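S.K.: Heads up, here are the entries from TrEMBL:
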{"type": "DOMAIN", "residues": "519-773", "note": "domain 'G-protein coupled receptors family 3 profile'"}
{"type": "TRANSMEM", "residues": "522-544", "note": "transmembrane segment"}
{"type": "TRANSMEM", "residues": "556-576", "note": "transmembrane segment"}
{"type": "TRANSMEM", "residues": "588-604", "note": "transmembrane segment"}
{"type": "TRANSMEM", "residues": "625-643", "note": "transmembrane segment"}
{"type": "TRANSMEM", "residues": "685-705", "note": "transmembrane segment"}
{"type": "TRANSMEM", "residues": "717-741", "note": "transmembrane segment"}
{"type": "TRANSMEM", "residues": "747-767", "note": "transmembrane segment"}
Amino acid sequence: MYSELFAFAVNSINEDDNILPNITLGFVAFMACGNELDILAKSLYFLPESSTAMVPTLEGYPESVALKTNYSGKVEPRHYSVSAVVGTIWSAHAVRVASLFGAFGLPLLSHYATSDQLSDKTKFPLFARTVPPDKFSTEALVAIAQHFKWTYVSLLYSDDSYGQYSGKRLEMLIREAGMCIAFNQRISANATDEDYEKAASKLWEYRKARVVFMVMTKQDPLFAAIGKLGLTHHFLFLSGDIFSSVAGNPGEGAIFVSHHSPSVPGYLEFAQSLTPSLEPANEWLAEAWQNRFHCSWDATSNNSCHSYSISDANETITTPNGRIYLSVYVYAHAMHQMIAERCPEQFDKVNKSKLRSCIDSSQLFNYMVKVNFTSLGVHVMFDQNGDTLGSYILMHWTANAEGVLERLEVGKWDKLTGELNLNLSAIDWTFLKKYEYFPTNDSEFYVPESVCSKPCKERQYYHYQEVSCCWECRECRSNERLAQNKTTCEVCPDFTWPDTPYECSPIQPFYLRVSDSILAQILLPLGIIGIGLTLLTSGALYYYRHHRLIRSTSRELSAVILVGALVCAASIHAFLLKPSVETCLLRLLGFHYGVNLLYSPLMVKTIRIYRIFSAGKRSVRRPRFISSGAQMVFTAVLVLLQVSHLHPTMIILSDTLWPITASLTQKLQGERYVELQCEQPQEAFLLPLSVNLAVIAVCSILAYLSRKLPENFNESFYLFVSSSTTSFAWAVVLPTYFSAFHAHQQAALLAFCLLLHTIVTLACSFAPKLYALSCVSDDSRLNVAGTLNTKVGPTPSVSTVHAVRSKTNASLVSSDC
């Protein structure tokens, strides 16, 4: 029915006053039945008349290519003066005919030839088509793969003009889309069953690539090999417009492109009204009548064909191909534009000879590629190669209830807009699910995976293998961030941490902060308690400052000791402040000055006691420089020695050789832990500490030597307890301090040492006095004296010792309240 549709299109144009007004189109049609030699022979009759002199006579042709006569017995002429040609169906035939026509300036417009080879204008300068070429169908297939995120695919194509051009273009488009080809093979036209089995085995070897692009003219042998190897339903095929309709189960689920063939309004009524008697020039209609009804055009026959109509065929009439109709309109629009530019007067008054010279077939192609119109719901336009920018129908092979495969339209792809529309509800791939390589999700619509590797997790980087779509996911270490497009990891700079996979953020530094540290939460109230006890003790001593017990224990030295205790207790809080240059210096000075103010008076007091009782064993003379004023002078010398010599020297060295700064430290690169600490060399800490430790050591030694004093002079015992406790504490603290791993632990140790100094001093030096003042009410029980008036000899008798005991200033006599 192709010729009838062609005639219907020509008649429609001739009846339309908007196209070629006053000009009537004519046509001639030949039936070649797919015979290549027949097509070439009949193509010669469309060449210009001057070129047909070489054509042999009709009798010189084989019978298969001889022009047929119509039922009236009339033989067609051997030359037709045509301006353009519509045809052929097959790309292989179009290649030969288009090359021939191009040499003689005759345009050829095909409605079905899709080979990309025909887009080459150097070989086929006057070829155009109303069907999109194969290269556009490959774009549609790649768009489908991109839509479903298939990145690892295989490619099979046949070794012919259809497969080679489409296969090479598919390979290019697949790679441009960022997908990887796992297996790529060209199937020879002479391939055996063994070759197809090898190809199927290769597909299984790369079975992660479940999607297979296939552009092959022969597909049944491949499907047979897949079924033989038991690989049915393992693969999903994406194919061009050639797809086997009898493929069986291996082809189930496939998606292939199909060209849009619009229906032509009015054509069915036109076709139903046709009879050979009304169309005597249509020899094929008469022949079709004879074949269908087994009748004869002989009027004397008992079964005359004149007695039948198309309705007697009991068959459904369909539009053979709407693109034939569009092809005729393309030529009509092109001729209309050519006449409008070159000889517009022909629209008003036609002169056939002038009209023929006006329509130049060799130039008609330039007007064809410029047409732009919409007909039958199709927008018709061409690119510079004569390829129409049309759309594709996407078909899906799915099994019906009986298990028979049937075609189902599931979408559309438009070349002009690049838009892909899919009806996912019409696609069924659930039968592929049981062979899924990767774990599947529970979504309602199942899409098979065709990827080599799944995306890596958030903090993993890609270790690529042979192809870019295959990789291993490897973990970054805890202190590393992703770099170089997630292909490697790099260590975050010092004091930063990868809060996000790609960025390193500063780590919040840790120090002895009350809000974060339990140690700080303990030290803060204890420091406040130490300050409070020191102030209470100072207030009590000030209240009882005129009491003979207070006056007899050197109020001046006690005041200095209390100042030292207060500095120690207050300096505890300096260790709880955020480290800075100022707070670090405050820590250093507070720690060393506090200890010095605490133990310098104690050392002077211990020396005084030791000298008194040591001298009493040798002589009755009173030792020199044991008065309160002298003791304060000695104490001031020790304190000023630290202030004026050791500490300035330390500060100078600190600013030059040993700078004191607040700095960040991260001792373990793989741990999210940064400390803000006071940074100073050990020398800057040990130099003043050694002086204080020397003072404490002297106190401890002299207190030990003075331990066997008269029973009523028991202050030496408390001095011994205080100094020995401190010495023991430092013997434990020093190795612990230098072996501590974290800076905040070292700071806490120093703060606890200051607290220990304060508490021990208050407990041993002042608590017994306060106890006596508050609990002993009988002054006769307090054996005290302001000075030592007794003369002590080297070898005192019992009476002398008794005198010493009775007249010597006793610091404290215990009593109960």
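Glycine is no exception: its Cβ is also placed from the backbone N, Cα and C atoms.
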S.K.: Any chance you could find the range in 556-576, 588-604, 625-643 with the most Cβ pairs under 8 Å to the transmembrane segment (717-741)?
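M.R.: Maximum Cβ contact count belongs to 588-604.
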S.K.: Under an 8 Å Cβ to Cβ limit, what residues of the same chain, 6 or more beyond the ends of the transmembrane segment (556-576), are close to it?
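M.R.: Distal contacts: 512-514, 520, 523-524, 526-527, 530-531, 533-535, 537-538, 541, 550, 583, 586-587, 590-591, 593-602, 604-605, 628, 631-632, 635, 639, 747-748, 750-751, 754-755, 757-758, 761-762, 765-766.
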S.K.: Looking only at the recorded stretches 522-544, 588-604, 625-643, which one has the largest tally of CB-CB distances under 8 Å to the transmembrane segment (685-705)?
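M.R.: Answer, by Cβ pair count: 588-604.
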S.K.: Tell me, roughly as an integer, the mean pLDDT over the domain 'G-protein coupled receptors family 3 profile' (519-773).
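M.R.: Here the predicted model's pLDDT, averaged over the domain 'G-protein coupled receptors family 3 profile' (519-773), is 81.
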S.K.: Residue list, the transmembrane segment (625-643) vs rest of chain: Cβ under 8 Å, 6 or more residues beyond ends.
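M.R.: Same-chain contacts beyond the flanks: 554-557, 560, 592-593, 596-597, 600-601, 603-605, 607-608, 611-612, 688, 691, 695.
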S.K.: Under an 8 Å Cβ to Cβ limit, what residues of the same chain, 6 or more beyond the ends of the transmembrane segment (588-604), are close to it?
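M.R.: Beyond its ends, the transmembrane segment (588-604) has Cβ neighbours at 557-558, 560-561, 563-565, 567-568, 570-571, 574, 631, 634-635, 638-639, 642-643, 647, 660, 678, 680, 684-685, 688-689, 691-692, 695-696, 698-699, 702, 719, 722-723, 726, 750, 754, 757-758, 761, 765.
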S.K.: In the same chain, which residue numbers or ranges, 6 or more beyond the ends of the transmembrane segment (522-544), come under 8 angstroms Cβ to Cβ?
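M.R.: Tertiary neighbours of the transmembrane segment (522-544) are 512, 514, 550, 555, 558-559, 562, 565-566, 568-570, 572-573, 575-576, 748, 751-752, 755, 758-759, 762, 766, 769-770, 773.
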